[in-house]
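Asks: According to TrEMBL, the protein has these features:
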{"type": "TRANSMEM", "residues": "6-25", "note": "transmembrane segment"}
{"type": "TRANSMEM", "residues": "32-50", "note": "transmembrane segment"}
{"type": "TRANSMEM", "residues": "62-82", "note": "transmembrane segment"}
{"type": "TRANSMEM", "residues": "89-109", "note": "transmembrane segment"}
{"type": "TRANSMEM", "residues": "115-136", "note": "transmembrane segment"}
{"type": "TRANSMEM", "residues": "141-162", "note": "transmembrane segment"}
{"type": "TRANSMEM", "residues": "168-186", "note": "transmembrane segment"}
{"type": "TRANSMEM", "residues": "198-220", "note": "transmembrane segment"}
{"type": "DOMAIN", "residues": "411-544", "note": "domain 'GGDEF'"}
{"type": "DOMAIN", "residues": "553-806", "note": "domain 'EAL'"}
Amino acid sequence: MQKTLLDIIILGLLILLFGSIYLKWATRRLQFWILGWLSVLAHFCVLLVSPTTNTGQSLQSFMQFGFLLLGGVSFILASSAVSIDAERVWSTAAALSFPPLLYAALVTFGGTNPLILDLIAICGETLVLLLTVRFYRQRPLVLYSSFFAAALNVLTTVVSTLHKRPELGIYAALTQLFFMNAVLFWDDFRRISAGVITAGIGLLVWAAVFPSAVVFAAFFPQINISPEVWNVPKYFVEFGMVLTLLEDELEYASRQSLDYRLLFDGNPLPMWIFDRKTLAFLRVNDAAIRHYGYSREQFLLMTIRDLCPAEALEDRKESVVSSIVNSTVTGPTTHILRSGHRIQVEEIGHTIKFEGRDAHFIMINDVTDRQLLHNQLVHQAQHDMLTGLPNRLLLRDRMEQALVSAARHSQKAAVVCIDLDRFKQINDIYGHAAGDAVLQQVAVRLKARLRQMDTVARTGGEEFTVVLGGLASARDAGTVANDLIESFREPFSMDGFMLEISASLGVAIYPDDGLDSELLWKSADAAMYRAKNSGGNQYVCVSREISNSASEATELEVYLRRILKEGGLELYYQPQYTIDEKLCGFEALVRLRHPRFGLVLPDRFIPIAEESGLIVSLGNWVIEEVCRQSRAWVESGLPQLRIAVNVSPLQFMRVDFSNFVEQVLKHHNMDPHLIEFEVTETTVMRNLDEVARQMRVLSDQGIRFSVDDFGTGYSSLRHLHQLPISTLKIDRSFVERICERNGTYSIVEATLSLAHSLGMNVVAEGVENKQQWAILRDLGCDVMQGFLFSPPISSQAVPALVEAATPVTLRSARG
């Protein structure tokens, strides 16, 4: 009893050791080993009971065998080939446990029919061999050993039942079980080490215990061998398993150490480990030494602070150190190399234990080039490429900062819009390169007249915007405006030419003229146009009238943005007639009906749409709505007439514009020949390459093009004839003066002659009286439109006009 208790205590302590190892290193193998030793412990616990009845003694014998068998089966399940999935575990456990347990139960409780016992043994071994072939066919040692052990077990069982000693079959099963455990243990580890050898030999001796006990009992009954001798192999096996686990852990640590040396010392990125308390370097890799220029010895005498700029430590010493110690990823931050050169780095790290200290592992990624590229991209996104001045994006931010600062310090701020007077003439006469050079000189002069805290930005072709902060009074803004005008007094030198240029300025004061930056900007812009219309070369401050106009523009923008999403725009159609007064087409005109302002004409809201970036959405809506209505008219039986649609230059600058048009035409099953796009001279000439590309793509689809307001821009037929343009539209300003002495008759006559010589048709806009019509008819103008024929009509009135389709009677304008 005492010896059994000692066995239980020793075995229990070893199981606790296995458990502590499992908590740190949980594996399936260790899990089954613990389960196996718990079964063996249960086997010893059964020995503490001393039953007095035959049934009790039989039950005790069966349980002793059963727990020992289950312990051996658990060791088998720990094999790497079995424990990889649940199916193998359960099938192996059933095949190894059920037949031997059934055999032992029959033998223990009196079932001694030799045929049944032999049949159970043969069936059990057949299952074992099938599983062996399935799981270990690629492992010849296990395969052959299993066949040998199975054959020996069946032979022993048959012989023992013939000699009416069936209990020997139980010993044979245990011998086979622990013999195969020895084979599998070696097959799994295959190394000559203290743990593997100890456990392997222990399992072999454990397997030999059972036949040895039978031999000694049969042939040497006089020798009394203590049960503790038979238990010694168990402890060898357990100690061997513990040693094997320790060897695996040492091997793993060795591999980890090697991996660490490869990953740390051989890594191309700088790495180091430093003490969390002192910030002193504990270890650095070769890449850090190469990158930073310090030797290993120098590094180990330094701290993290030695790599940080002095100003960073002075201004935010605690935050710098805290970010290094606590964050997983920080940066970009500045480090100083031994050469004194500064670099931008990102630090990736985590907390570790190093040589017993609380330490931090850091990997450095030098992002200096990336940060430089990022800064360049940000600068390009926020600055005008030609002048280097801030663009609209950066200006908005600077404007908000100036207003916040002014409000905080109870000061004033100002927004000044500047537009160069008659700048298009420079482009027309000297070319765009000369114009660009002048803009660069203007930028330099404006910057020279402003303080460091002020901002000057290029916000349009020849438009600039200035933000003035920290003003004591509105008079200070006027002083600066005068100074800016004075900067244009001196002529600009350009390739030997002296160019006289003036500017018109509009000034809006915060908070006098508004509290919102957008409102101030619009008000200053309106004031600038007031100055330009008054002759230029002056500045105009925002008045109540101008402020109200800017407020209305803001309100219109908000309303336009909403109705583009919800609907509410209207299309009107201006009829076009041939020289013999026949209806030949329409020009589509968009109208906006505002709840407060009523019907708003395009010349009022189109500039707002262009400035706010809504013009593309608006223009695309017009194209789609024209196609939808035109298709509906055709399907209702009306004759097909061409419809002209005005296209914004911003639409042409969208690379997908031609694709959009193609998709709309397909969606509405619209004949492209019924659509004519009107473009202005400015649209064509300022973006000639991109516009030409898109025009050719659309022209190939069948769409026609006309140049709207011809004669008001800076183009010429020399340029236009290179494009797929079929029609020129004479601007109404030329038609209005065609009857006057010294008017525009000769210009219109020349335009018609040149256009016809190039195979183009001509449309005259704004024909409002019979005298204009007669002159244009005599000059051979192809198509006319204007109030003489018909004002723009709603889309609902179009079918009735088309159905009439009879020559109209000439009437006075608007009559």
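All positions are counted from 1 along the displayed chain.
From the backbone N, Cα and C atoms, a Cβ is placed for every residue, glycine too.
What's the neighbourhood like for these features in this structure?
Replies: For the transmembrane segment (6-25), the list of distant contacts is 31, 33-34, 37-38, 40-41, 44-45, 48, 228, 231, 234-235, 238-239, 241-242, 245, 249: same-chain residues at least six beyond its ends, Cβ to Cβ under 8 Å.
Beyond the transmembrane segment (32-50), the same-chain residues lying 6 or more positions past its ends with a Cβ under 8 Å from any Cβ of the stretch are 1, 4-5, 7-8, 11-12, 14-15, 18-19, 22, 60, 63-64, 67-68, 70-75, 77-78, 83, 234, 238, 241.
Distant neighbours of the transmembrane segment (141-162): 81, 103, 112, 114, 117-118, 121-122, 125, 128-129, 132-133, 168-169, 172-173, 175-176, 179-180, 183-184, 186-187; these residues of the same chain sit at least 6 beyond its ends, with a Cβ under 8 Å from one of its Cβ atoms.
Break the domain 'GGDEF' (411-544) down by DSSP state and the numbers are 56 helix, 40 strand, 38 coil.
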Asks: Who are the chain neighbours of the transmembrane segment (89-109) in space, where the CB to CB distance is under 8 Å and they lie at least 6 residues beyond its ends?
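Replies: For the transmembrane segment (89-109), the sequence-distant neighbours (Cβ-Cβ under 8 Å, at least 6 residues beyond its ends) are 58-59, 61-62, 65-66, 69-70, 73, 76-77, 82-83, 116-117, 120-121, 123-125, 127-128, 130-131, 135, 157, 166-167, 169-170, 173, 177.
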Asks: List, by number or range, the same-chain residues at least 6 past the transmembrane segment (115-136) whose CB is under 8 A from its CB atoms?
Replies: 81-82, 88, 91-92, 95-96, 98-100, 102-103, 106-107, 142-143, 146-147, 150, 153-154, 157-158, 161, 166, 169
